Amino acid sequence: MNLKVLAVFVLCAILVVVTAERRGTETGVYKKDTLQDLIKRTRNCIDRFPTGTCKQVKKGGSCKNSDKYRMNCRKTCGLC
C-alpha cells in the first residue's frame, strides 16, 4: 500500500514540474529573445514599409519601442 502511495506522489510531482516549465513559455517571457532570433535569421535586409514611413519611424524613436516597425523597417532602423 505504501509503495502505491509513493508512486502516485512521485508521478504527481513530475506532472507539476512539467506543467510549470511549459507555462513559462506560454506567457511570453521569452518573446524578446524570440524576436531577436528572428531578426538575426532574416536574410534580406529591406524595408517592407515605404521609405518615408521608415524615416519618420527612425526620427520618432519607434525603432526602439515598436516591434512592428523594428521588423518592417529593418534597414532604416539598422538591425541588419
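Positions of Cβ are set from backbone N, Cα and C atoms, glycine also.
In the three-state DSSP scheme, Cys45 (disulfide bond) falls into the coil class. As annotated by Swiss-Prot, disulfide bond applies to Cys45-Cys80 (among others), with the evidence given as sequence analysis.
What Swiss-Prot lists as disulfide bond is Cys54-Cys73 (among others). A C-beta separation below 8 Å, combined with a sequence spacing of at least six in one chain, links Cys73 (disulfide bond) to Asp47, Arg48, Phe49, Thr53, Cys54, Val57, Lys58, Cys63.
DSSP classifies Cys77 (disulfide bond) as helix under the three-state reduction. Look at Swiss-Prot and you will find Cys63-Cys77 (among others) tagged as disulfide bond.
Marked as domain 'ShKT' by Swiss-Prot: 45-80.
Annotation source Swiss-Prot lists signal peptide at 1-20. Sequence-distant contacts of the signal peptide (1-20) (same chain, at least 6 residues past either end, Cβ-Cβ under 8 Å): none.
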Inter-residue C-alpha distance, Cys45 (disulfide bond) and Cys77 (disulfide bond) (nearest angstrom): 11
Cβ neighbour count (within 10 Å, all chains shown) around Cys54 (disulfide bond): 21
